[in-house]
Amino acid sequence: MKLIVGLGNPGAKYAANRHNVGFMAVERIAGDHGFSPWRARFQGEIAEGRLGETRVTLLKPATFMNLSGQSVGEAMRYLKLAPQDVIVLHDELDLAPGKVRLKTGGGHAGHNGLRSLHQHIGEGYRRLRIGIGHPGDKDRVAGYVLSDFAKAEQAGLDDLLRGISDGAAALAAGDDARFMNAVAARVAPARNSGTRPDNPGKGSPEKPAAKPANDPIAEPPSLSDRLRALTERFR
């Protein structure tokens with residue numbers, strides 16, 4: 001069994017914030033994979049189901065970000081799980097939007113949600129770092145993470161969340177390579193190989209056929225050619 005935790009802040013006010021991308025990811029997984037309805041438990045909300053062969057409990061702590069470890073610790077104790085059975089999905093300033101990285105252990109890098117987890121369960125859990133980019137100035141970080149994703153970012157965000165959901169069974173099974181491939185297939189799909197599409201009426205328009213090298217439109221007839229043609233008509 002695995003416990004997959006999405007980090008964020010509860011309430012409609014924060015729902016679309018960059019800091020809540022962990023919540024967004026587990027909500028997408030629950031919706032796409034037929035999990036049970038969300039219900040209150042462990043100082044948060046849980047949904048239960050399966051990802052491939054793995055039984056999974058999804059958790060959204062309702063303690064606010066800075067106390068996330070309280071909720072996760074309670075869930076772990078009840079479910080009798082070790083830190084290596086926990087996968088935490090969280091926002092990552094040091095990755096560009098659309099990028100994800102998997103990591104086990106290590107420091108919290110100033111992330112308050114991870115700081116709380118370290119205090120309550122140690123650092124041996126797995127984590128999926130979901131890139132949100134950096135505002136460029138550390139003094140702007142607090143406002144940046146608590147601001148909503150821009151409209152221009154929505155399409156890329158949706159592709160990323162779909163990719164995470166597509167690879168969720170691999171994530172739960174510990175198949176990191178297959179998970180990363182699933183994300184990449186959504187975020188950076190293979191470009192057209194150059195073959196003609198089955199239905200050229202859809203997608204990119206066909207390129208016009210190339211003109212032959214001796215296309216008469218390319219070089220209009222000279223005056224002498226026109227006079228010669230006129231002479232031929234009256235012979």
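For all residues, glycine too, the Cβ spot is worked out from N, Cα and C.
In Swiss-Prot this protein carries:
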ACT_SITE  His19  active site, proton acceptor
BINDING   Tyr14, Phe64, Asn66, Asn112  tRNA binding site
COMPBIAS  225-235  compositional bias 'Basic and acidic residues'
REGION    188-235  region 'Disordered'
SITE      Asn9  site 'Discriminates between blocked and unblocked aminoacyl-tRNA'
SITE      Asp91  site 'Stabilizes the basic form of H active site to accept a proton'
Chain-mates of Tyr14, Phe64, Asn66, Asn112 with C-beta within 8 Å of site centroid, tRNA: Asn9, His19, Thr63, Met65, Leu67, Ser68, Gly113
Distance in Å spanning the most remote Cα pair of Tyr14, Phe64, Asn66, Asn112, given for tRNA: 16
Listed recorded positions (Asn9, Asn112), ranked by Cβ neighbours within 10 Å, top entry: Asn9
In sequence order, the recorded positions (Asn9, His19, Phe64, Asn66, Asn112) whose C-alpha falls within 10 A of Asp91 (site 'Stabilizes the basic form of H active site to accept a proton'): His19
